[in-house]
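Novice: I have a structure I would like to understand better, so I am pasting it below and will then ask my questions one at a time.
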């Protein structure tokens with residue numbers, strides 16, 4: 001393709017979620033509140049883990065990085081959606097659209113691998129506690145973090161390298177509030193069936209494969225605990241429950257999107273809202289309300305801050 005082809009379309013237009021003024025107002029309030037709550041909740045986790053020495057362990061290091069990814073992920077689409085809700089002309093440049101897609105897939109892929117790392121951390125803590133600190137060393141934690149970032153970048157670049165040179169000569173309308181790869185491919189002025197199949201296989205395989213791997217690891221952990229100590233099964237279930245809930249919230253919409261034969265545009269929008277606002281909001285709620293150490297650390301940090309303000 002020559003470079004002049006895709007320069008015909010300089011921007012893409014979003015249709016948004018609704019044209020009703022009343023529903024737009026509700027969406028604006030809902031989106032703003034959940035985005036603010038998501039950012040604050042995840043910031044609290046990062047701040048608590050950083051400031052409290054009792055939480056300087058592999059588990060909480062990975063959790064803090066998961067919170068950072070969640071903040072970045074919900075910031076890809078949420079701010080623009082909030083700003084565009086009342087606009088009649090909701091547009092994004094070609095470069096802006098590609099950037100949005102790139103970071104969505106890069107951060108999504110990174111989070112998938114990080115969740116696998118967190119499952120491995122729980123396996124070592126529950127099934128091999130004597131070797132936990134030896135294997136889950138600071139170097140290993142950094143290795144997990146670097147590996148997840150590299151895999152996320154590769155996953156995103158592999159798909160976008162074929163997209164940037166596609167010809168886009170119109171139409172330029174997205175029946176959505178954000179840029180996603182399948183819709184972008186359908187707007188290209190050429191046959192993209194093979195590319196669409198490659199994208200679906202790429203994203204579908206990494207989503208379903210990661211989820212299956214996580215489920216197998218959780219089953220293996222529970223089986224190992226049950227085999228050695230029936231009394232420890234309840235404790236293992238309690239420990240894993242937060243991780244399993246987060247995994248289901250993250251992978252559920254993704255797998256539904258990539259395995260459902262023909263999802264409607266309305267369904268796509270609802271799943272996107274869930275990913276952009278609900279999941280990043282629920283993750284810190286799950287990890288704080290279901291984790292005694294985190295709650296104790298937060299209370300301890302609040303006491304220190306209150307004492308510090310009194311001194312001032």
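Cβ atoms here come from the backbone N, Cα and C positions, even for glycine.
What Swiss-Prot records for 97-189 is disulfide bond. Residues annotated as N-linked glycosylation site in Swiss-Prot, with sequence analysis given as evidence: 5. The feature topological domain 'Extracellular' is assigned by Swiss-Prot to 1-25, 80-100, 159-195, 259-269. Per Swiss-Prot, the feature topological domain 'Cytoplasmic' maps to 50-57, 121-139, 220-235, 290-312. The transmembrane segment annotation in Swiss-Prot covers 26-49, 58-79, 101-120, 140-158, 196-219, 236-258, 270-289.
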Novice: Cβ pairs under 8 Å only, please: of the recorded stretches 26-49, 196-219, 236-258, which one is richest in them relative to the transmembrane segment (101-120)?
Specialist: 196-219
Novice: Quick one: give me the count of other CB atoms within 10 A of the CB of residue 97 (disulfide bond).
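Specialist: Excluding its own Cβ, residue 97 (disulfide bond) sees 26 Cβ atoms within 10 Å.
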Novice: Find the member of 26-49, 58-79, 196-219, 236-258, 270-289 that has more C-beta pairs under 8 Å to the transmembrane segment (140-158) than any other listed stretch.
Specialist: 58-79
Novice: Taking helix as H, G and I and strand as E and B in DSSP, count the residues of the topological domain 'Cytoplasmic' (121-139) in helix, strand and coil.
Specialist: 16 helix, 0 strand, 3 coil
Novice: Counting only CB pairs under 8 A, let me know which of 26-49, 196-219, 236-258, 270-289 has the most with the transmembrane segment (58-79).
Specialist: 26-49
Novice: What same-chain residues lie close to the topological domain 'Cytoplasmic' (50-57): Cβ under 8 Å, and 6 or more beyond its ends?
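Specialist: Tertiary neighbours of the topological domain 'Cytoplasmic' (50-57) are 64, 293-294, 296-297, 300-301.
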Novice: Checking distant contacts: for the transmembrane segment (270-289), what same-chain residues at least six beyond its ends satisfy Cβ-Cβ under 8 A?
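Specialist: Beyond its ends, the transmembrane segment (270-289) has Cβ neighbours at 17, 30-31, 34-35, 37-38, 41-42, 44-45, 63, 66-67, 70-71, 73-74, 76-78, 81, 176-178, 180, 242, 245-246, 249-250, 253-254, 256-257, 263, 295, 298.
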Novice: State the count of C-beta atoms found within 10 angstroms of the C-beta of residue 189 (disulfide bond), not counting that atom itself.
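Specialist: That number is 16.
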Novice: For residue 189 (disulfide bond), which DSSP three-state class applies?
Specialist: coil
Novice: Sort residue 97 (disulfide bond) into helix, strand or coil using the DSSP assignment.
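Specialist: Where residue 97 (disulfide bond) sits, the three-state DSSP reduction gives helix.
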Novice: Reported in the order helix, strand, coil, what are the DSSP residue counts of the topological domain 'Cytoplasmic' (290-312)?
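Specialist: In the topological domain 'Cytoplasmic' (290-312), the DSSP-based counts are 20 helix, 0 strand, 3 coil.
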Novice: Limited to the topological domain 'Cytoplasmic' (290-312), I'd like the whole-number average of pLDDT.
Specialist: 82
